[in-house]
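> Take this structure, written in structure tokens, and hold onto it; I'll ask about it next.
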Amino acid sequence: MERYESDTEGDEQETPLLHRGHEDKVQRAPACCSFRYGLAFLSCYGFFVVYSLRVNLSVAMVDMLNNTHHSSGNHSGSLCPSHSHPPRPKRNHTASVYDWDSETQGWILGSFFYGYILTQIPGGYLAGRFGPKWLMGFGILGTVIFTLLTPVAADLGPSYLIAVRVMEGIGEGVTFPAMHTMWAVWAPPLERSRLLTISYTGAQIGTVISLPLSGEICFYLDWTYVFYIFGAFGILWFILWTFMVYDSPNTHPWISERERVFITTSLKNELCTSGNNIPWRAIVTSRPLWAIVVAHFSYNWTFYTLLTLLPTYMNDILGFSIQQNGMLSALPYLGCAVLAVLSGQVADYLRERCQYSTVKVRKAFTIVGMMGPAVFLVAAGYTGCNYTLAVTFLTLSSSLGGVSASGFNINHLDIAPSYAGILLGITNTFATIPGMVGPVIATALTKQNTIEEWQTVFYIAAAINLFGALVYTLCGRGTVQPWAVHTS
């Protein structure tokens, strides 16, 4: 008979009953030089590649357009005094430039999400059915190949470039569900926060590095090399992934017996042994799952608002061209990455050493990681032309969002590890919608580019964030659900 806690009353007892007894029966395998932490760092590299390929077009687009106002230092139209910088000398580039209007640019930049949203749920299903290693590997490899084809597609026309970006989105769409499926069999319950935050921090690191580096590549070489250089990083990752990663500890030829037994024993009462029968009805009617859906949707609304509109706010309101300071554009994501990793360490410490239940830890980190960004986002709208304070508040807003990485973001593995990939596919499908509609709504609300209009945008994002935190606090759970644990 498996022992798992009920959906309602038993969350407080989850840690000592479900996990601690099983992990104490086997000697804990050290983290140093372990394959589970090796997987964490290699998958971090993978998500670095994924996000580098996702955001580098936004920087390269400046040099791809056949006009000069994108690179000029004139910000006289901003509400606040402009922050002048010494102009950089012009360089003779041989890459093509294009006459794309703003509507075409919008379709090119947004087309990625139309492919990305298509493969979330199929990615979770295929990873569980056929194994996550090759799905993850070929998903990123496909994205790399289409990235390398970007200069050719741009020369052929915007429709070809849009098609290439859609295909990149399709390839990247399987990565998070596949990795969640991988962690379901590789991450001991009391190490989940540590391992997953290391793994998924690659997304922020990719943004932090690719934003300024893409600008330098465009300046010293030309925009085509942005895609070639980051594509080469992706090829190298695929080679390492092919030879070093396996679907489970039991199939890994080099893992020590101590680590293999430690991982499999800690998970033996959580994983379903009849994986071919997916309880779809129980999944789609699960209240804990929908709590994650609402939280994920709400968090991404704020995240994508900052990701897509922060350069506009800096330029049009604060009078600062973010293209002239790549590190400033990367600062919020650097803070997010640092706090995500730290929160993972603290979350597992609270669960393992202090014996706080998983649900309490997940809810506490979700509240901090969603309410904190809401407060500082609203505060940023009232800083006026105080440039330093505005940047500080926006950075704090994005950084505190990293705390939620140890909250709702990995809760799929707590409530149904056997179906974690499918669950993440469902929640990430809904969480992609803000990336498609949020910036459109925000742009419609800021036609006059006044501070009051931007305050409305920030208030909406903050309100959605608070709503998501409230729903998750009321309905979130931290134990394996009854429908997720059964035997043949």
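Every residue number used here counts from 1 along the chain in the order it is shown.
Yeah, the Cβs are placed from backbone N, Cα and C, and that goes for glycine too.
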> In TrEMBL, which of 191-212, 389-410 is labelled transmembrane segment?
389-410
> Along the domain 'Major facilitator superfamily (MFS) profile' (38-480), what average pLDDT does this model show?
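A mean pLDDT of 88 is what the model gives the domain 'Major facilitator superfamily (MFS) profile' (38-480).
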> Select the range from 107-127, 134-154, 225-246, 289-310, 457-475 that forms the most Cβ-Cβ pairs under 8 Å with the transmembrane segment (35-53).
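Answer is 225-246, with the largest number of Cβ pairs below 8 Å.
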> With pairs fewer than 6 apart in sequence excluded, do the transmembrane segment (289-310) and the transmembrane segment (422-445) have three or more C-beta pairs that lie under 8 Å?
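Yes, these stretches are in contact.
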> Given the transmembrane segment (457-475), which of the listed stretches 134-154, 225-246, 289-310, 362-383, 389-410 has the most Cβ pairs that are under 8 Å apart from it?
289-310
> Short question: most Cβ pairs under 8 Å with the transmembrane segment (289-310), which of 134-154, 225-246, 362-383, 389-410?
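Of the candidates 134-154, 225-246, 362-383, 389-410, 389-410 scores highest.
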> Which sequence positions outside the transmembrane segment (362-383), separated from its termini by at least 6 residues, show Cβ-Cβ distances below 8 Å to it?
295, 298-299, 302, 306, 343, 347, 389-390, 393-394, 396-398, 400-408, 411, 414, 451, 454-455, 458-459, 461-463, 465-466, 468-469, 472-473, 476, 478
> Report, as numbers and ranges, every residue of the chain located at least six residues beyond the transmembrane segment (389-410) whose Cβ falls under 8 Å of a Cβ in that stretch; write 'none' if there are none.
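Result: 192-193, 196-197, 200-201, 204, 291-292, 295-296, 299, 302-303, 306, 310, 318, 328, 331-333, 335-340, 343-344, 346-347, 361-370, 372-377, 379-380, 383, 472, 476.
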